[in-house]
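Undergrad: Below is a structure I'd like to ask you about.
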Amino acid sequence: MKLLYFGSPEISAQLLDRLIVDGEHQICAVISNPDRPKGRSSQPVPTPVSSRALDAGLPLFRFESLKGEAGHQAFQELQAFDADLAVVFAYGSIIPKAIFEAPRLGSVNLHGSLLPALRGASPVQSAILQGLTTTGWTLQRLGERMDAGDILSTVEIAVDGRETSGELFERMIPSGVQLVIDSLRRIDDLIAAARPQDEAQATYCSKLRPDDAFISWSDTSEKIHNQIRGMNPAPQARTITEKGDLILLHRSALLSDEDIAALFPSGDAASRHALLPGTICVAKQSGKKRLLARTGSGFLEILELQLSGRKRMPAHDFLNGSVLADGSRFDGAPDAKQIV
């Protein structure tokens, strides 16, 4: 088949790599976001997908806009390739109907959830935030409504209760790539058997922002644990000390009643349970300090954290020179300068 490929970040570049290496289809053109400055450099940097296309000598388009007259011009340029299908994975911009319907078979999109669940911009993170034990990939037909196209194929993936969204995403990528490769081999049959999504089962997720990442310690331990996992690596779960220090939370662990009893002397555990949510408890076991925080349902162990502007550390090392003390609290409402 003759393919158009739309994508931008590294995860999308991995699918493009596989399509290039397999050589089963002719990639007529690659469409990615324009080059943008990255990091401290003021020089525009191509997206990972653009870089792969340039390395492979593929025709590359980096449209500044797909709206209005610019969109019409883009449509004419892409229509000239007479493509059979467009493959879209993490392109990062809205594709107009005229463009996604231009190929003979239309366009397909790879989405990181089992649609119709978690339509939107943060499906992998939201699967963890919601405590799901199963997620996956959906290959859907691209339509005018976001992530609401007919379903062509899916693959389920189990979610480990300890992994972060970054780790889950990395583990999911090979399955997503393989789903597309396998689906393209039987695309005519899949399109003929495409099934509409059940709108009654649709759920949604939005792009995560730094102010979504602040912990409410009155929430349950499980919810906070999922927030820390789901916000890693970005925008990173965070809290504030009584002194106003911003703390980024990287990893945590759920504790059973037996774990708590083993950490505190007899009678001490009961008094600890009477503490206010957000109260810090420092326990010592096998010569190492362990950092616990009181939550709305019990205790959560913080395994790895970071004082804003400093390096991340295991809790034991952090406590050795820490601004945190046993009995102090994670407390205080964030101010605007801390939401970055």
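Note that Cβ sites are derived from N, Cα and C of the backbone, with glycine treated the same way.
Under the heading domain 'Formyl transferase N-terminal', TrEMBL lists 2-180. Per TrEMBL, (6S)-5,6,7,8-tetrahydrofolate binding site is recorded for S113, L114, L115, P116. Per TrEMBL, the feature domain 'Formyl transferase C-terminal' maps to 207-322.
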Undergrad: Quick one: give me the count of other CB atoms within 10 A of the CB of L114 ((6S)-5,6,7,8-tetrahydrofolate binding site).
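TA: L114 ((6S)-5,6,7,8-tetrahydrofolate binding site) is surrounded by 21 other Cβ atoms within 10 Å.
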Undergrad: Other than S113, L114, L115, P116, which residues of the chain come within 8 Å of the (6S)-5,6,7,8-tetrahydrofolate site, judged by Cβ distance to the Cβ centroid of those residues?
TA: H111, A117, L118, R119, P123, G136, T138, D147, T154, Q197
Undergrad: Treating G and I as helix alongside H, and B as strand alongside E, what does DSSP give for the domain 'Formyl transferase C-terminal' (207-322) in helix, strand and coil?
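TA: Once the DSSP states are binned, the domain 'Formyl transferase C-terminal' (207-322) shows 32 helix, 40 strand, 44 coil.
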Undergrad: By a simple count, how many Cβ atoms lie within 10 Å of the Cβ of P116 ((6S)-5,6,7,8-tetrahydrofolate binding site), its own Cβ left out?
TA: 20
Undergrad: Should L114 ((6S)-5,6,7,8-tetrahydrofolate binding site) be counted as helix, strand, or coil on the basis of DSSP?
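TA: L114 ((6S)-5,6,7,8-tetrahydrofolate binding site) sits in coil per DSSP, no helix or strand.
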Undergrad: Using Cβ-Cβ distances, find the residues under 8 Å from L115 ((6S)-5,6,7,8-tetrahydrofolate binding site) that belong to the same chain and are at least 6 apart in sequence, listing them in sequence order.
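TA: L115 ((6S)-5,6,7,8-tetrahydrofolate binding site) has long-range Cβ partners T138, Q140, D147, I151, T154, Q197.
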Undergrad: Give the number of CB atoms, excluding that of S113 ((6S)-5,6,7,8-tetrahydrofolate binding site) itself, located within 10 Å of its CB.
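TA: Cβ-Cβ neighbours of S113 ((6S)-5,6,7,8-tetrahydrofolate binding site) within 10 Å number 23.
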Undergrad: How does the model score the domain 'Formyl transferase C-terminal' (207-322) in terms of mean pLDDT?
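TA: Reported value for the domain 'Formyl transferase C-terminal' (207-322) is a mean pLDDT of 92.
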